[in-house]
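Taking it in order: structure first as structure tokens, then the write-up.
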Amino acid sequence: MINYDRILIRYGEISTKGRNRNKFVDKLRKSISNVLHDFTGIKIEATRDRMYVILNGADGKEVSERLKGVFGIQSFSPAVKTNKDMEAMKDAALALFQKKYEEGKTFKITAKRADKSFPLNTDELNHEFGGHLLKNVPGLKVNVKKPDINLQIEIREEAAYLSCETFQGAGGLPAGSGGKAMVMLSGGIDSPVAGYLSMKRGLEVEAVHFYSPPFTSERAKQKVIDLTEKLSNITGAVALHIVPFTEIQQLIQQQVPQNYTMTATRRLMLRITDEIRRKNDGLAIITGESLGQVASQTLESMYAINDVTNTPVLRPLITMDKSEIIEIAQKINTHDISIRPFEDCCTVFVPASPKTKPKRDKVRHFESFVDFEPLIAKAVENTEKMIIKPQSGKEESFEDLF
Ligand code: ATP
Ligand code: MG
């Protein structure tokens, strides 16, 4: 009885990365061994253009389920390795096929010959294997355009690989292959989604959260810890920086005209985040801003806020509609945490009518009467850094995402 003995993994975009390829392959291998850490005995073999997870008796279904969430995988197929002997390959093909076959299903063969010295060419291989299946499976029909089962046979230098099914991977780029950025996590719906999408493109993220006790409760802080935990389930532990912000917010309330407090608050948050970024060797800041969503997210407002730093501020959600953002939040299981009704520091202090078109020069002027530097330094100094680990055994799998 033939069983799949490995999972064949196709890389997707990595293959276009030229000289960086080795680094990408290493990062992908690391992500895969992370999600499979509790399977003893599995082995990962990496080559230039694909990877194999050798099961060594591990449950292929469970392994496949875990692989669905790994960034950098374009697609994967449970596969079996045989030697390049026609009889052995035919036996394996028939055995695999019969496991999957049900009465009335159609099929085709897709042969590939990477080893050009193999005596049969692709057409001949298709023909040989097709004939063998038709002869041995009564009632079977060919359908080249839209087969129910596509039996893939790949002849490579070292061996032949056969598989009957292909699963969509999560796409994106391997975790940590793109450098580090700080994601500003508010506790709302948007920022965790922004973090997730950045991680999908290979960024390592650290979260930064501003809280203002006693105006915000311990439970509001817990919400952000829970959100960070969801992000950590995706690619492994995530650092969370919790910044005490009460003093600065109170000073802003006293010193800045009411319709500019929101703009000043955001500017101060950005300055502090930038300082935490610098201390932790990050190269960018990520926010959950979406154009036009609320007062602080007009173009004028972003211009006035962004004024405090040259560091790239990435806004993955900038052109998305709220409904699109919510859809992703639901898929990554952050939505229900985000809608828990706890105050965050911005909703507590939010003015009745924040300026939707703040002027940069005005906010600069208002801030110029206060020396925020020592308070910024103090906030950074008193920032609490936590390392949030994945819930064990709860790695997320994102079926059907994208
Ligand atoms: P979210 O759903 O992420 O809260 P939002 O639509 O409520 O976003 P704002 O409240 O205007 O938008 O905040 C814009 C962005 O600023 C957030 O997406 C987040 O990245 C950042 N931010 C706001 N408040 C905080 C906070 N307390 N701590 C850290 N970052 C924050
Ligand atoms: Mg918010």
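Numbering starts at 1 and runs along the chain as displayed.
Here the Cβ of each residue, glycine as well, is placed from N, Cα and C on the backbone.
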Listed alongside Met184, Leu185, His209, Phe210, Arg266, Gln297 for ATP in TrEMBL, from Gly171, Gly172, Gly288, is Gly288
For the domain 'THUMP' (61-166), what are the DSSP-based totals of helix, strand and coil residues? 37 helix, 29 strand, 40 coil
On average, what pLDDT score does this prediction assign to the domain 'THUMP' (61-166)? 93
All chains considered, the count of other Cβ atoms within 10 Å of the Cβ of Leu185 (ATP binding site) is 32
Test of understanding: give the count of other CB atoms lying within 10 angstroms of the CB of Gly288 (ATP binding site). 25
Which one of the binding-site residues (Met184, His209, Arg266) has its C-beta surrounded by the most other C-beta atoms within 10 angstroms? His209
